[in-house]
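J.: Pasting the relevant annotations from Swiss-Prot:
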{"type": "ACT_SITE", "residues": "D7", "note": "active site"}
{"type": "ACT_SITE", "residues": "E69", "note": "active site"}
{"type": "ACT_SITE", "residues": "D141", "note": "active site"}
{"type": "BINDING", "residues": "D7, D141", "note": "Mg(2+) 1 binding site"}
{"type": "BINDING", "residues": "E69", "note": "Mg(2+) 2 binding site"}
Amino acid sequence: MRILGIDPGLRTTGFGVIDVAGADLTYVASGTISTLHLDKGQLPARLKVLFDGIREVVARYQPECASVEIVFVNVNPQSTLLLGQARGACITALVSGDLPVAEYTALQMKQAVVGYGRADKSQVQEMVRRLLALPGLPGPDAADALGLAITHAHAAKALARLAQADGVMGAGSGKYKAGRSR
């Protein structure tokens, strides 16, 4: 399975692509989409750069699914709103290509990648480097995006195991039925 991770940002959005085969995680690509060349007042143009950039990444690497970081509420409400718009442009680009999108908080990603939800950026970078056997540290935005892809790989495996357990338990005496509990 090929997974695209997205760390949305209005100035710099990170992306990371990994392949997952069983327990093996393989690095495919990572990078950033930058709007730093545009003035702050050009919000629609910046959102279009993000939308087009994500569409280009999807077309080039053909992921089967994507994971995006959930926006946290910042002290500055204006910053939170702007980040939400950047995130919306990224998600719209993904779903316009019919990609399923999973969402994870930064805390969930850090917990999955480092084992500690309050890890700092350098710890995330180092663990991503180790997990993907990279020769050097990825940049912070690309590392977060790769971390989101790794998080989704772990979550997808756990969900598959749960579904398999549901099927096994549901095939027994007929007393257990998968689905809603009553």
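Yeah, the Cβs are placed from backbone N, Cα and C, and that goes for glycine too.
Provide an account of the burial state, proximal residues and distances for the features listed.
T.: Mapped onto three states, the DSSP output places D7 (active site) in strand. Annotation for D7 (active site): same-chain Cβ neighbours under 8 Å, separated by at least 6 residues, are T13, G14, F15, G16, E69, D141, A142, D144, A145, L148.
When secondary structure is read from DSSP and collapsed to three states, E69 (active site) falls in the strand class.
According to DSSP, D141 (active site) sits within a helical segment. Other C-beta atoms found within 10 angstroms of the C-beta of D141 (active site) number 24, with every protein chain shown included.
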J.: How many other Cβ atoms sit within 10 Å of the Cβ of E69 (active site)?
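T.: Around E69 (active site), other Cβ atoms within 10 Å: 25.
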